Amino acid sequence: LAGAFCIPLYVPYVLTGRWIFGRSLCKLWLVVDYLLCTSSVFNIVLISYDRFLSVTRAVAYRAQQGNTRQAVLKMVMVWVLAFLLYGPAIISWEYISGQSIIPSGECYAEFFYNWYFLMTASTLEFFTPFISVMFFNLSIYLNIQKRTKMRLDVLHEVHNQSFTEEMERSPEAKLSLKCCKWEQKESAETLDLSKSKAQAAASTSSLDAKDLLETSSESSRKPKCCNKKSCKTSASTLSSEKRVKIVPQSTTQHFRLSRDKKVAKSLAIIVGIFGICWAPYTLLMIIRAGCHGQCISEFWYETSFWLLWINSAVNPVLYPLCHSSFRRAFIKLLCPKKLKIQPHYALQN
């Protein structure tokens, strides 16, 4: 809309220095221009708030995703508020004040040099939205950091307890644990026997026979046990089984965290470009109104004015680059046939 209506009317005005389209079209041009720029800012706030809810209140957000009526109401409210901020003032300022201060051949708003009105409007149009978007973006980032830390702590705790839990629950695990204990006991007994070889040599043959019977009966009572290698293998197998149970959950969490990081990154880019495009114009407009255009060069004011339209040109490209959902929406609007053909190709592949 800015490229189709606002810029074509403004270019001759800049080149000739004179508005040649009449007073009525001048007011319409001003209303549309202020409306488009303000609605662009409010839409950035709305989208940022939507992303904020999708990350910080995921369950409630998913429950409301099918509510098209609420989404349409929010978008309509953005345009209504954007119009109410400047539209009534542009249309009725001269009637309320009783006279017009705009000379013939010029086209700008009646409040162009009213510092109080511009300061109030700029607070609602730039400073409040900018702070809000910064808050949403920072909240998303901190939420992601917190969830990343919690995820790492949970995975570390589960990894440490996995083997112990399987030992307590699995009968095979208990048997393998008994095997390990028997082997440790057997090695200790062997060490004690080697130390008492001298005493065994001095003993009588009847005592040796008795010892053999006792050893034989002890061996019959001891269950058939695995060796150290099989004990380690059993522990490794149980740990692997536990990891297999953890992998799907951790993969899902990793995917969600990766998605949320992309959301935070895209919001940071949007906030940065929004600030670069809007801050110069807002500050120069307030200063220009305070000194009645005497302290700000016309060149710098004109440059800051064009930055606003550059932001309107960048946003339709920026959102599809940052969000896959926007890419699908743009394809659905601009190339509906391509969207219908894509699943057919996917099936063939």
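Keep in mind that glycine also has a Cβ here, set from the backbone N, Cα and C atoms.
As annotated by TrEMBL, domain 'G-protein coupled receptors family 1 profile' applies to 1-319.
Per TrEMBL, transmembrane segment is recorded for 28-50 (among others). Listed by sequence, the residues of this chain that lie at least six past the ends of the transmembrane segment (28-50) yet keep a Cβ under 8 A from its Cβ atoms are 1-2, 5-6, 9-10, 21, 74-75, 78-79, 81-83, 85-87, 90-91, 107-109, 125-126, 129, 132-133, 136-137, 267, 270-271, 274, 278, 308, 311-312, 315, 319.
What TrEMBL records for 71-93 (among others) is transmembrane segment.
The feature transmembrane segment is assigned by TrEMBL to 113-142 (among others). Beyond the ends of the transmembrane segment (113-142), by six or more residues, the same chain brings 38, 41-42, 44-45, 48-49, 51-52, 55-56, 85-86, 89, 101, 260, 263-264, 267-268, 270-271, 274-275, 278-279, 282, 285-286, 288-290, 292-293 to within a C-beta distance below 8 angstroms of the stretch.
Tertiary proximity for the transmembrane segment (266-287) is limited to same-chain residues at least six positions away from its ends with a CB under 8 Å from its CB atoms, namely 41, 44, 47-48, 51, 115, 118-119, 122, 125-127, 130, 133-134, 136-137, 140, 295-296, 300-301, 303-305, 307-308, 310-311, 314, 318-319, 322-323. Sequence annotations record features per position, and here TrEMBL assigns transmembrane segment to 266-287 (among others).
According to TrEMBL, the transmembrane segment annotation covers 299-322 (among others).
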### Segment-level pLDDT (mean, integer) for the domain 'G-protein coupled receptors family 1 profile' (1-319)
74
